[in-house]
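What follows is a set of notes on a single structure, which appears directly below.
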Amino acid sequence: MKAIHVGLCGVGTVGGGTAAVLKRNAEEIARRAGRPIVIKIAASRDLERARTVCGPDIEVVADVMTVADHPDVDIVVELIGGTTIAKDLVLRAIENGKHVVTANKKLIAEYGNEIFARAQEKGVMVSFEAAVAGGIPVIKALREGLTANRIEWIAGIINGTSNFILTEMRDKGMSFAAALADAQRLGYAEADPTFDIEGHDAAHKLTIMSAIAFGIPVQFEKAYLEGISKLDALDIKYASELGYRIKLLGVTRRRENGIELRVAPTLIPHKRLIANVDGVMNAVLVKGDAVGATLYYGPGAGAEPTASAVIADLVDVTRLATADPENRVPHLAFQPSAIANLPILPIDDVETCYYLRMDANDKPGVLADVTRILAEANISVDSMLQKPAAEQVDGRADIIILTHLAVERHVNEALARIEALDSITGHVVKLRLEHLHG
Ligand SMILES: NC(=O)C1=CN([C@@H]2O[C@H](COP(=O)(O)OP(=O)(O)OC[C@H]3O[C@@H](n4cnc5c(N)ncnc54)[C@H](O)[C@@H]3O)[C@@H](O)[C@H]2O)C=CC1
Ligand SMILES: N[C@@H](CC=O)C(=O)O
Ligand code: NA
């Protein structure tokens, strides 16, 4: 059977892993795909490394457009990253009638609508399993396995670097900087790691899942994001005393008037499976109305785990390349003509539970003032903890309050009033809390 020819663009962590696994498991992969999948040509800025990785049988070039224009390439694999050259490459490949496989979540989250529309017109596939939660086949699950369901919400630990850093800090007492350096050395981090630690990468992935789950366009610009760089170790400690773990969590939820789309450090009850997802592992919890809660777990980053997803897409594309384009799985799970225009809700309208920590004067009446303000804002208290101030200042205390469900706008209004009390010093720390009941 004639081989399908791949043009590999980018031979770094994921590109190297993809070349290695394609070679090692060539026979098994061909048995599944129905024909061999062979790298015909590779392009990389680092020619020397690419030649070492690809070996003598694969042509290696510096210019990725050579791959997009190559007459013998059936599928272009984009593993460069970013949205400049990668976007030009993907659009050029599509123009040339080639299928595309990419691991680039930033590209899909920011330009997916344009890319899918063009691919639809040209009758080619753009596949991106590796872009979300690395090796976990969660796009496949959402797009194909859960099609019977009305999806209610998705919550995911979807940035391996941040989860690795939080775990190393908690378990080994490592500093933030040292843990980040390790994540970079292990190939988990983005070229610019601020994308990982400030929540952009998780928001890119959440945006993609939200589109597939609810049948809406990708709308990264409307996502709310907070990263882990400002997280205080004291809050990790207090959360733990209260029975919670803090994770960088992406949440997208269907509400009556729109869709929530937000990433932030979030408390999760430690008894939940997802709260125990540590290190570079990712997990995505999906709640469907028919199936209930389903959990997808596995490595979220790294060379071969990500290659596993890239190659799964290559097999899919190979199997479907000869199918009538009308009969292929739609890029965003819903037929393009059925994509809905549901609004993404502003963060002020989000409804969740909250963890609040304040530095208070340890005098009678302070708690009463705080709880009165919360009650007036329609925020009910779930539990409370008072500790001698962490900095051991006489007469001061840390007050930690967990709330029931409340609207973010109401919480912000109440916090402004609490911060104005004479008995409260500085800002109140506000973290979100999700119970994630199945
Ligand atoms: N590293 C990981 O664990 C994961 C990465 N991804 C995504 O996969 C993509 C690649 O990531 P990595 O392999 O980690 O990056 P990397 O930095 O290790 O590799 C990038 C490759 O692209 C090449 N390159 C960069 N600019 C180029 C240009 N203008 N022309 C030709 N070659 C160029 C580099 O020489 C290098 O070979 C990114 O979109 C990333 O977000 C997705 C899931 C996991
Ligand atoms: N930098 C990303 C890589 C995978 O998408 C992460 O840390 O999760
Ligand atoms: Na995946």
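Cβ atoms are placed via backbone N, Cα and C, with glycine included.
The following features are taken from TrEMBL:
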| type | residues | note |
| --- | --- | --- |
| BINDING | CYS9, GLY10, VAL11, GLY12, THR13, VAL14, GLY15, GLY16 | NADP(+) binding site |
| BINDING | LYS105 | NADPH binding site |
| BINDING | GLU190 | L-homoserine binding site |
| ACT_SITE | LYS205 | active site, proton donor |
| DOMAIN | 355-432 | domain 'ACT' |
Helix, strand and coil totals (DSSP H, G, I; E, B; other) for the domain 'ACT' (355-432): 23 helix, 34 strand, 21 coil
Residues among the recorded positions CYS9, GLY10, GLY15, GLU190, LYS205 that border ligand 2 - Cβ under 6 angstroms, in sequence order: GLU190
Recorded positions near ligand 1 among GLY10, VAL11, THR13, VAL14, GLY16, LYS205 (Cβ under 6 Å): GLY10, VAL11, THR13, VAL14
Listed recorded positions GLY12, THR13, LYS205, filtered to Cα within 10 Å of the residue listed as 'NADPH binding site': LYS205
NADP(+) site, defined by CYS9, GLY10, VAL11, GLY12, THR13, VAL14, GLY15, GLY16: further same-chain residues with Cβ within 8 Å of the Cβ centre: LEU8, GLY17, THR18, SER44, LEU79, ILE80
Binding-site residues: GLY10, GLY12, GLY15, GLY16 - member with fewest neighbouring CB atoms within 10 Å: GLY12
Cα proximity to the residue listed as 'L-homoserine binding site', best match among recorded positions VAL11, THR13, GLY15, LYS205: THR13
Greatest C-beta neighbour count within 10 angstroms, which of the binding-site residues CYS9, GLU190: CYS9
The residue listed as 'active site, proton donor' and VAL11 (NADP(+) binding site), distance between Cα atoms, whole Å: 22
Length of the line joining the Cα atoms of VAL14 (NADP(+) binding site) and LYS205 (active site, proton donor), in Å: 17
Sequence-distant neighbours of THR13 (NADP(+) binding site) in its chain (C-beta under 8 A, six or more apart): GLY187, GLY302, ALA303, THR306
Rounded inter-Cα distance in Å - LYS205 (active site, proton donor), GLY15 (NADP(+) binding site): 20
Cβ atoms near LYS105 (NADPH binding site) (within 10 Å, other residues, all chains): 28
